[in-house]
Amino acid sequence: MAETHEAPAAPVELEITNVAHGGVFVARHEGRVVFVSDTVPGERVLVSITDDSHTSFWRAETLSVLEPSAHRRPHVWPAASIERAPELRAGGAEFGHIALAHQRELKRQVLADAFSRMAGVETDVTVEALGDDEQREGTGWRTRVKLHVSDDGELGPYAARSHRVIPVEELPLAGDAVAEAAPLGQRFAGAESVDVVGPADGSVHVLVNDAARPTSQRAQERRPIVETVGGRGFRLDARGFWQVHRLAASTLTDAVQSAVDESLFDAAAANLDLYGGVGLLAAALGDRFGDGVRMTSVESDARATDDASENLADWLGAQAVTARVDRYLQQLERTATAGDRNRLRAATVILDPPRSGAGKAVVASLGRLAPAQLVYVACDPVALARDVALFAPYGYTVASLRAFDLFPNTHHVEAVALLTREPAAR
Ligand SMILES: C[S@@+](CC[C@H](N)C(=O)[O-])C[C@H]1O[C@@H](n2cnc3c(N)ncnc32)[C@H](O)[C@@H]1O
């Protein structure tokens, strides 16, 4: 282990060897791991150590590039560029200085490495680009942007890994309507944040979140909007969850529909859409297998469940339940009759948890209920790999895995995995 000593105050030269999870890159200084932002593997950079509070690693910011990678390009967002002092760089586009194809390669490496290290699964997955993102250099895809307000009322994104507001002149990752409506340059004294939402129905909503009003009160205000996927409308609240990339909802709908193993699908089983939001992925199942499909969408946000009930009204066998997934499954385990248990064993379960993943308790409940197949939609590859490892003792293995570049110019990547039970465990 590296000796514990304080970081040098002067800039240090480092060789970047690898990409790490979380949008940073790996170097070593006198044997200690240093996580460095705004660089590319293969580069030699001059950095400033910004955090030496951990014994096993430090954090650093790139000050200048001494030997650039062939994959480096001018940042798509000047406000986030290395030309600016590190504390003035806008956050939210931490891969924007890297050629898009190489961003996808780095995301593939993070995913493959997490699967190998955490789940013992080797994968040849590739990260698929969406629509015309390549031609647009990964800009213009955000249908939603949250901007923050500083103490003196200035509006902007946070700087990377900080709550410092950075006023900016443009939002290149935002779609045209969102970028035009964003009230950049205006002051919002007394506000906490501003959401700019541009749904597929063509409307644009600028929602000012008052710092004095608690989030719970804001949650009472409804601002209904409509998103459309393949001609089907989904009602939701403007502040509620919806996939961010303009093509994400249709991409995930297709991916879930094609991931499901038809030979394991039973329309009459107790199929589940866990972390269901307003019912997008339950609808994907309904559209593929018909309106007789029985399924329950489980979601903790009551407003979203109300909308899901409405959005899933076409499917006679569909219902939406407001509950925390861990509690819902524990309750199922306690109360299920023998017939319910058989219908759960025959079920197809979609899971689309938040970034932290499903976690131990949810995986354990599902493992004991033993559904026929699980389609796991993940926005964090490391949480997915951890959960794949947790499913293994219950006999589940990865039958297919795809990954999508749903967040170009950021480090985020979305994955869709099909988990099925080994024949011996069925
Ligand atoms: C990644 S989103 C997926 C939503 C939906 N599947 C979609 O694609 O639109 C995760 C959803 O899980 C909900 N959620 C977060 N934690 C939850 C929990 N413990 N139990 C139930 N729902 C939860 C959030 O409110 C959010 O709607």
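Keep in mind that glycine also has a Cβ here, set from the backbone N, Cα and C atoms.
Annotated S-adenosyl-L-methionine binding in TrEMBL involves Q243, Y275, E299 plus, out of the candidates D176, D352, D380, the residue D352. Taking the mean position of the Cβ atoms of Q243, Y275, E299, D352 as the S-adenosyl-L-methionine site, the remaining same-chain residues with a Cβ inside 8 Å of that point are F241, D273, G276, G277, L280, L281, P353, V377. Long-range C-beta contacts of Q243 (S-adenosyl-L-methionine binding site), restricted to its own chain and to partners at least six residues apart, with a cutoff below 8 Å, comprise A249, L252, L280, L406. Here the domain 'TRAM' (3-64) is broken down by DSSP into helix, strand and coil counts: 0 helix, 35 strand, 27 coil. Taking the Cα atom of each, C379 (active site, nucleophile) and D352 (S-adenosyl-L-methionine binding site) are about 8 angstrom apart.
Sequence-distant contacts of D352 (S-adenosyl-L-methionine binding site), defined by Cβ-Cβ distance under 8 angstroms and a gap of at least six in the same chain, are L252, D273, L274, Y275, G276, G277, L281, Y376, V377, A378.
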